[in-house]
Each structure stands twice: as C-alpha cells, then as structure tokens.
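As recorded in Swiss-Prot, the features of this protein are as follows:
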- 126: active site, nucleophile (ACT_SITE)
- 223: active site, cysteine persulfide intermediate (ACT_SITE)
- 35, 36, 37, 38, 39, 40, 41, 42, 61, 151: ATP binding site (BINDING)
- 126-223: disulfide bond (DISULFID)
- 152: site 'Interaction with tRNA' (SITE)
- 368: site 'Interaction with tRNA' (SITE)
C-alpha cells in the first residue's frame, strides 16, 4: 500500500495553509471516519484530512439494494472506486449496509409524500437519517471516531460545541440547502474538507494525485433511481391515476398520467399541444387538485397564478436548536441553487412559521424545503406545507 506521506499535490499546497507542528500533533490525536462515496469530492477530502495530520479511515455506505438485473445505483463500481482511492492513500476502508435504515426512514417517507401530492427531497432526508445519524453513530460508537467527514460543499465555524453551518465557498456547488436539518452538535462532530475550495481545484488535486476518481462525473439524480427515468421508477411503487389537465378557468386542455409525475412550476413534459382559442404561450403547472385528480395549468411564465407571496412551513429544524419566537429578517431558498429571496419569518408556533417574501415568487412547492440564511450562515429550515397567494 502507498504510504500516505509519499503523495503530494502542488494544487493542495497552493490553496491550503501549512499547519504548524503543534496543530499537526493535535490533529494526530483525532480519528476521522470519512464517508467514501466513490466520487471525487470524498476522495480529495480524505487526502486533505491526511495532509492535516488526522488519523483517517474511510467508510463506504450501501443504502439501496438493487435488483440483480438492473444495477442502476452503480454501487459495485462506486465501491471499487472508493477502494482504489483508499488503497492509493494507504487508508483502511470499512463497509456498512444501511439499506434497511434507508428504506424505513427515507424511502417510505418519499413514497408517502408523493401519495399525498407533495414533491419531497430525499437527499435532505438521507443526510438527516443516514449520513449524519446512522453513519455518525456507527462511526463514533463502533469505529471510535472523534469526527466524521463528508465531501459536502459546506463550511463550519466556531468550536465543536457551538458550531455554525456556513455555505460552501463555491457558490455553484454550495450544498448547505441539503444539510439544514443538522444541529450545531452534529456540525461540531463533522468536518467538510472541500467546503473551503472550488470544484475545479478539487478535480486538479485529484489529478495531481492520480486518483481513479479524478475525471469521474458528478452523480446526478437520486441514488435509488440512478440514471433511469423517474416516471418509470415511481410507477413500480405507486399506482398511477390518469386524469384531466385543466386551465385555471376550467377548460380541458389535455390528460395527465398521474399527479405524482408533476410538480408546481413544471413546463416540459405536459404533452399539451396548441389549443384552439388560446395563445401559444407555454403552459405551467400551478396546482395539483388531489380531490378531483386534476392537474391545473396556466399560460405564461409571468402568470399571476404561478406566483406566491409567501409560504407556511412546518417540521422546522434550526441549527442552533432554538425556536424562533420573534419576526426575523433573513433570506430563503425554496429550492436548490435558487438565488436567495429576501423575506421575513413570522412565527406561528414553535413548529410552524409564516414566511413573507419581499417580491412574489414562482413555483413554491409543498413538500420541498425552505432553507434560511443570514449572510453565509445557514440558520435552518422546514418543509413547505402550503404556498400563500
């Protein structure tokens, strides 16, 4: 096995401050278990931790049992890549199967939300239930970890007992939206080595080191769906109920295969051609009428039916675990990679808030998460219960 001290990266040396002998000695007392996904971000994160003097071991999590004939999750290939990187870095790689926990705590909730007509975000739930709960507990209790680490593009500030969650330095890759359910305690038990650098630098470090994952494509989509079509996947678990597509005025303009296949603000894939007596402006989904099984659409990107003045959110998680009891000015994202929206939080009770936007917003989607910020600090968030017109 390659000794970890033999590997070096000029790119790393350029972008990371050299630690003092005292800092290295202090870090050497700490054991870090890094979640190795078989991707470039966790691969480079492991190297960075080694350079910072920590005792580093990897853990590969298998969270989904594929069908034998349809290996969509590429788990075998990802494990092989994670093992190749671990071997290159001279690092032990543990393996664990969390498929049962994933099914019970992530996947069943995902299906139930779709049944209820909402559009859930399983990545957020996976981080909450698997990566920063099952993994964190296993690493601490079974592997003796002082910290866990992941390849997420986020940062932390403050000491371990009073840590804050910050956006990643790379605005294009910032993943704090997916981690808003973490408590300050969980953040304090976690390290995010690539949060302070930009993605191209991560790739360059991997190339410097000759890692197998250096040119590997970023994973897209939800793990358990992989590269297959979302519609085909969902149909295996939930019976579809076709119905009518109507305009806000009640005019029938088409048919849908099932409300669960559609989300608010959606334009593509509606299958509505030119409709006699209507303009050629594209149609957008503005409502899912569950009672009548009707998909309601409106024409034009700026149609007032698409706009929301705010939202109601529940299932709140604040990073500092202190409920908000007074009105608060901040910004919010109602979906990943959205530009921040200026808003005011108005608490209704400790688990429900009203959020009023400074400017009306399109496609505020029940089931998705609203995540709040003050500057770079992620305050926390909640699940959108309803949009306010």
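Numbers here mean position along the shown chain, with the first residue as 1.
From the backbone N, Cα and C atoms, a Cβ is placed for every residue, glycine too.
With 35, 36, 37, 38, 39, 40, 41, 42, 61, 151 listed as the residues that bind ATP, the site has a largest C-alpha separation of 16 Å. Under DSSP, residue 152 (site 'Interaction with tRNA') is assigned to coil, being neither helix nor strand in the three-state scheme. Proximity to residue 41 (ATP binding site), judged by a C-alpha distance within 10 Å, picks out 152 from the recorded positions 126, 152, 368.
The separation of residue 152 (site 'Interaction with tRNA') from residue 61 (ATP binding site), Cα to Cα, is 15 Å. Counting only the Cα atoms, the space from residue 39 (ATP binding site) to residue 152 (site 'Interaction with tRNA') is about 11 angstrom. Between the alpha carbons (Cα) of residue 37 (ATP binding site) and residue 152 (site 'Interaction with tRNA') lies a span of roughly 11 Å.
The shortest Cα-Cα distance from residue 152 (site 'Interaction with tRNA') to any of the recorded positions (35, 126, 368) is found for 35. The least crowded of the binding-site residues 35, 39, judged by other CB atoms within 10 A of its own CB, is 39.
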